[in-house]
Amino acid sequence: MVTVREEIRKGPWTEQEDLQLVCTVRLFGERRWDFIAKVSGLNRTGKSCRLRWVNYLHPGLKRGRMSPHEERLILELHARWGNRWSRIARRLPGRTDNEIKNYWRTHMRKKAQERKSNMSPSSSSSSLTYQSCHPETPSMIIGIEEQELHGGSGCITSIMKSTPVDMDGYPMDQIWMEIEAPNVLPGPCFDEAKDSASNSLSGPLLPYPMWDYYCPETCLRMDDEIKVAPQFGYGKGVGPCY
């Protein structure tokens, strides 16, 4: 006759299984978990029975959140021993190694989130500070791009645009003054000499045709000026004096 071996049960524990395990442990104690699993009639392994008892069914377990003293002690012991959860659990009565490990992971996850939230406002404020200290208008950006595109010729172009020179509107009076300037002899002008002469006389100055029809010595150099005038648009026989 062939006996059919039942399959080992896995998954969540029921209330009936918890009661059977508690009664068996009270009878035989917390040892020989393979024997307890067999005697109790539970279709569970010895390891599963032990973990269920230690983490959930032990009467000395503490329930609820960690106290501040327990939290501080966990941090100190972990800094000293690392991830040796069973050794840390011995220093905290009523707390299991699995519970301590879960608390540590939750604590580290919360600490990482706080660090990330503290870093994000500082980075955004630094970018805003840089933008406020270094504003770049669209015209500045376009000017920089044009300067880079033309190989640095943007400065020359801007200077030429800012200081336009209108050669067509160059006054002819200024041209004649520049032509006559090198030939004028230094000394008092004719008007000053006329005033000084009038002041030196005791009586009133009599009218004399020479004063009204005086022509500067530039008229004597008519031939030389006619040669220069055509390059400025004047025809033959046209000069500064008539």
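Cβ coordinates are placed from backbone N, Cα and C, and glycine is handled just like the others.
Annotation comment: Swiss-Prot describes 5-61 as domain 'HTH myb-type 1'.
Sequence-distant contacts of the DNA-binding region (33-57) (same chain, at least 6 residues past either end, Cβ-Cβ under 8 Å): 6-10, 13, 17-18, 20-25, 96, 98-99. Taken from Swiss-Prot, the feature DNA-binding region applies to 33-57 (among others).
Look at Swiss-Prot and you will find 62-65 tagged as motif 'Bipartite nuclear localization signal 1', backed by sequence analysis. Under DSSP, residues within the motif 'Bipartite nuclear localization signal 1' (62-65) fall into helix, strand and coil as 0 helix, 0 strand, 4 coil.
What Swiss-Prot records for 62-112 is domain 'HTH myb-type 2', and it gives sequence analysis as the kind of evidence.
As annotated by Swiss-Prot, DNA-binding region applies to 85-108 (among others), with the evidence given as sequence analysis. Same-chain residues lying 6 or more positions outside the DNA-binding region (85-108) and placing a CB less than 8 Å from one of its CB atoms are 54-55, 60-62, 66, 70-71, 73-75, 77-78.
For the motif 'Bipartite nuclear localization signal 2' (109-117), the model gives a mean pLDDT of 86. What Swiss-Prot records for 109-117 is motif 'Bipartite nuclear localization signal 2'.
Sequence annotations record features per position, and here Swiss-Prot assigns region 'Disordered' to 110-133.
As annotated by Swiss-Prot, compositional bias 'Low complexity' applies to 118-133.
Assigned with DSSP, the residues of the domain 'HTH myb-type 1' (5-61) fall into helix, strand and coil as follows: 33 helix, 0 strand, 24 coil.
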